[in-house]
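First up is the structure itself, then whatever we jot down about it.
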Amino acid sequence: MSASPLPSSLALSLLLVTGCLLPGPGAAQNEPRIVTSEEVIIRDSPAPPFTLQCNLTSSSHSLQYSYWTKNGVELTATRKNASTMEYRVNKPRSEDSGEYHCVFQFFSAPKANATIEVKAVPEITGHKRSENKNEGQEALMYCKSVGYPYPDWVWRKKENGMFVDLLNTSGRFFIVNKENYTELNIVNLQITEDPGEYECNATNAIGSDSFVTVLRVRSHLAPLWPFLGILAEIIILVVIIVIYEKRKRPDEVPDDDEPAGPMKTNSTNNHKDKNLRQRNTN
Ligand SMILES: *[C@@H]1O[C@H](CO)[C@@H](O)[C@H](O)[C@H]1NC(C)=O
Ligand SMILES: *[C@@H]1O[C@H](CO)[C@@H](O)[C@H](O)[C@H]1NC(C)=O
Ligand SMILES: *[C@@H]1O[C@H](CO)[C@@H](O)[C@H](O)[C@H]1NC(C)=O
Ligand SMILES: *[C@@H]1O[C@H](CO)[C@@H](O)[C@H](O)[C@H]1NC(C)=O
Ligand SMILES: *[C@@H]1O[C@H](CO)[C@@H](O)[C@H](O)[C@H]1NC(C)=O
Ligand SMILES: *[C@@H]1O[C@H](CO)[C@@H](O)[C@H](O)[C@H]1NC(C)=O
């Protein structure tokens, strides 16, 4: 590979020329040949624009159409009847990374395709900031990433100011790793050992990213506190009502009796007055 100062396009055309000159096996001559641009690496976002290229350089079959796919899914509005294909991304971000294919569909021959890899540093896009649980319950923490190739996942816990790999001595830790997702499940939470900071770390060939979730574990009685608070309020209220009723009753008894006597005399007095007045007018 010490001869690689040659421009890659020149190297490619040399390869092609030699490929055409050499009398290959009969079948290979009929097979479509696709020339692609180099793989792309997205290092920071936003990264400079990139353009993927595929050229169908030899085919004995008539082309029907061609299109691009990303991670196996057809990219909309890329279908054309053209043997020279381009796909441009103006503001590349980590999520634009993946496995791209250019696909050529012929009238009377199987499809042909070529792969171009677009690689990027993993970027953690989904996570919980904190998880609050009671002792004995289970905690679930997760991280989701974008970035291709898919990362290797590691979970660590902060001990004495440093993140160290999880020690599963109690057998209560369960980890599920998928291509762009990881999950840490801790069962039968312990109030003494489990609270703290947990870090998921995604690492691929291009770089790595990590995120920290804080786990808080409360005592069994914690969920009872609001209930106990309400209970205490009810008790205090009942006590206040009882005291109030007890103080009210002895006051009310004389209140009822006092006005009874004078009121009656008053009313009879009023009648007398009325009678007197009436007589006076007569
Ligand atoms: C494909 O063809 C176009 C037009 O002929 C050319 O500009 C481009 O460099 C080619 N790409 C590759 C990867 O050969
Ligand atoms: C695509 O172009 C080729 C060559 O120009 C032509 O033979 C073919 O019929 C076209 N296909 C469609 C679907 O138009
Ligand atoms: C590309 O070609 C391979 C081999 O023929 C096939 O398995 C694969 O599904 C094709 N990919 C796409 C995106 O068409
Ligand atoms: C922790 O130990 C349990 C029981 O031995 C096991 O099932 C589980 O897979 C282990 N978890 C991890 C992350 O190694
Ligand atoms: C990656 O994550 C997305 C959701 O964000 C999901 O739709 C997709 O299927 C995942 N890809 C793989 C290959 O796991
Ligand atoms: C992730 O872990 C690797 C080692 O396993 C380390 O080199 C890298 O710095 C970590 N990344 C982050 C973002 O902490």
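Cβ coordinates are placed from backbone N, Cα and C, and glycine is handled just like the others.
Keep in mind that TrEMBL annotations are predicted by a computer and have not been checked by a curator.
Annotated in TrEMBL:
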| type | residues | note |
| --- | --- | --- |
| DOMAIN | 32-119 | domain 'Ig-like' |
| DOMAIN | 122-213 | domain 'Ig-like' |
| REGION | 250-282 | region 'Disordered' |
| SIGNAL | 1-28 | signal peptide |
| TRANSMEM | 224-244 | transmembrane segment |
Tally of DSSP helical, extended and coil residues in the domain 'Ig-like' (122-213): 0 helix, 56 strand, 36 coil
For the domain 'Ig-like' (32-119), the number of residues DSSP places in helix, strand and coil: 3 helix, 50 strand, 35 coil
